[in-house]
Every structure is written in structure tokens, then in C-alpha cells.
């Protein structure tokens with residue numbers, strides 16, 4: 001396996017092209033008084049795009065990403081882009097963190113150092129991790145699949161090869177969204193290589209028996225179920241498109257930075273714990289860094305296709321039992337919040353943390369709580385198995 005150092009260095013011409021495209025945007029009209037009900041609110045988007053065009057500093061954000069060690073590895077038919085940030089503590093525990101959509105490695109920028117050098121952030125050396133954050137195939141600078149059907153099982157196999165090539169035979173996996181699916185798949189496919197699995201999103205649908213007992217859920221659990229039903233009814237349009245005809249959508253988003261920005265901004269508005277203003281949860285700089293990374297790497301269209309490719313391998317509604325020790329972090333504005341009892345039936349659950357704030361992009365929204373949950377899970381692993389690091 002060939003592994004080569006990598007740094008992001010977007011050409012000046014690409015930055016100029018982005019600004020030109022923004023300047024030439026043909027803005028649509030909008031119904032009066034509908035706010036965000038029909039999608040991204042136009043005046044909010046105008047303000048955000050104005051900031052992107054005139055005030056956002058890509059070079060500054062690029063440097064923030066490049067302060068971490070990045071590489072590209074040739075694995076099977078893919079060139080996988082990843083951050084590999086080792087702790088100064090040589091006996092730190094290897095940790096593989098996987099993002100989802102519409103995210104990227106940008107989601108983890110604020111937690112990498114707290115995880116690798118925890119004593120600088122009210123932790124101790126025993127909490128240290130060697131952190132690996134790959135870009136999913138078709139995202140950022142990981143090459144896109146050339147054939148249809150690359151699903152979470154394929155990605156899990158690639159991740160295992162990557163970690164073994166880096167010298168990590170046993171490690172912890174962490175993920176939300178597609179990252180949770182890949183991590184769960186790894187636990188099922190290669191349990192001997194996993195020390196544990198930590199999920200910031202629990203993708204669980206009820207069994208027939210659980211569905212019959214929905215009315216027996218506690219009030220908070222029932223509220224979570226009702227929220228999910230509302231999400232499926234009102235906020236899953238993107239999923240239907242990306243799971244069936246992503247290429248058609250890709251033409252528009254790949255060509256229009258404002259269109260792409262609108263598509264992702266709606267998700268950050270709806271899926272974060274922001275109370276109607278994204279900046280309450282995620283700064284515009286961080287939001288635009290995520291959008292810009294996908295734009296400049298020309299992965300706007302390819303990252304959509306993961307929905308179509310993974311739709312052929314449906315992990316729900318019956319999740320097989322995962323024997324690998326599991327920890328879950330529950331954030332109140334996550335789109336899927338199944339009852340803890342469902343997680344206990346599907347996973348070997350040894351750790352559960354509840355958090356007061358945070359949503360779908362937990363590491364980005366609440367980095368301190370996210371890192372603390374991982375440290376707590378590592379402590380639970382030590383208690384469960386004293387031989388674990």
C-alpha cells in the first residue's frame with residue numbers, strides 16, 4: 001500500500017472562479033412570510049453568501065486543516081485522503097473517526113487536539129488517542145467510486161486495511177450518520193480488530209415487537225420517536241432524491257456554489273441545535289469551510305451518490321447484535337434518538353452519555369462534550385477490560 005503525505009493547496013484560480021460564480025448568481029423569488037418552511041430562506045442565504053464572497057478567508061481555514069498531518073493511501077481502487085494525528089503519548093489508543101453527509105473531516109477539527117493531547121484540555125495522558133480521520137470515498141480528496149454499489153461494507157473493509165497499514169491492529173471506531181453505519185459494519189465484520197465502538201448517532205429502527213410497544217415508551221422517548229416521524233414526513237426530501245437520482249441533482253449543485261450552499265445550509269439549519277440561527281451552533285466560518293472543501297475538491301456530485309450506493313444495502317429495520325463493547329453519546333437535537341433499551345438490544349452497551357446541547361454534527365457543535373464522551377467511553381473500556389488501554 002502506497003501512503004504519501006498530502007496538503008490541501010487550492011489554486012488561486014479556483015478561488016477566483018468561486019467568486020465569479022457567486023457574482024453571477026441568478027437569484028430566485030421567494031414566497032412572502034414562509035421563512036424556512038419551503039427550504040433555505042433566501043435573505044439568510046444572501047447574507048451568508050455575501051460573507052462567503054467578501055469576508056470568508058479560505059487560506060486561513062486551509063491552514064487550520066493543514067496543521068494536522070494528512071496523507072493519501074492507495075487502497076484497492078481508491079485513493080483515500082485522511083488525517084493521521086498521533087499523540088505525543090506513544091501508548092495512546094488508536095481511534096478511527098468517520099464523518100457522514102453533508103459533512104467532512106472538517107467536522108472533527110475542533111476535537112483532534114483535545115483527543116490527542118488531552119492534558120491540555122482538562123484530561124490526562126491515559127485519555128490520549130492516536131486519531132485517524134479519513135474522507136469517505138467521493139468526499140473531499142478521497143477518489144470517487146468509478147462503479148455503482150460501493151456501500152458501507154466496502155468502506156468498512158477499506159478502513160480496516162488502512163488502519164492495519166498504519167500499524168493499528170486493534171482500535172476504537174467512532175461515527176455518526178454514515179460514520180455510524182460504517183463503524184457498526186466494522187464491528188460486525190472485524191470484531192477481533194476493535195477495542196470498542198462509539199456512536200454519536202444511533203441508527204436503529206424498531207423491531208415488530210418494539211413497534212407494538214411504542215405507546216409504552218417514556219415521555220422523552222416517545223417525544224424522540226414523534227420527532228423522527230416528523231422528520232421523515234417533512235425533512236427527508238433530500239434523501240429520496242439522493243437515494244434515487246443523485247446524478248441529476250449533481251449537475252446543478254456541482255455547477256452552482258450558491259445552489260450547493262443552499263442545499264447544505266438547510267441541513268445545518270434543521271439538524272443542529274441552533275434555535276433557528278445556525279451561528280448559535282456552528283460558526284459561518286466552519287460551515288463555509290465544510291462547504292468550500294467539498295466545492296474546491298470537486299466532490300459535490302460524487303458525495304451525493306453514497307445515498308444511492310448504500311440504499312442497496314439496507315441496515316434497517318433489523319440490526320444484528322453487535323458484541324463489540326459500545327458507547328453512545330446522545331445529543332438532544334440529533335435527528336434519530338431511539339430509546340436506550342433499543343440500543344441495549346442491538347449493541348453490547350457499556351457506556352451512555354446524555355448531553356444538554358448539540359445536534360447532528362456533535363463534534364462540530366459541542367467539541368468539549370464530544371471529546372469528554374469519548375474519554376468516558378475509554379474509561380468504561382478500561383473498567384470492563386483492565387488489559388485495554
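Glycine residues also receive a Cβ, built from the backbone N, Cα and C atoms like all the rest.
The active site, nucleophile annotation in TrEMBL covers 177. According to its DSSP assignment, residue 177 (active site, nucleophile) is coil. Residue 177 (active site, nucleophile) counts 23 other C-beta atoms within 10 Å of its own C-beta, drawing on all protein chains shown.
The Cβ of residue 307 (active site, proton donor) has 18 other Cβ atoms within 10 Å, all protein chains considered. Reduced to three states, the DSSP call for residue 307 (active site, proton donor) is helix. The active site, proton donor annotation in TrEMBL covers 307.
DSSP assigns residue 360 (active site, proton acceptor) to coil in the three-state reduction, placing it in neither a helix nor a strand. In sequence order, 176, 177, 201, 267, 271, 272, 331, 333, 334, 335 are the residues near residue 360 (active site, proton acceptor), counting only same-chain partners six or more apart with C-beta under 8 A. Annotation comment: TrEMBL describes 360 as active site, proton acceptor.
Taken from TrEMBL, the feature domain 'Epoxide hydrolase N-terminal' applies to 3-108. Helix, strand and coil counts under DSSP for the domain 'Epoxide hydrolase N-terminal' (3-108) come to 38 helix, 24 strand, 44 coil.
Predicted-model confidence for the domain 'Epoxide hydrolase N-terminal' (3-108) is 98, expressed as mean pLDDT.
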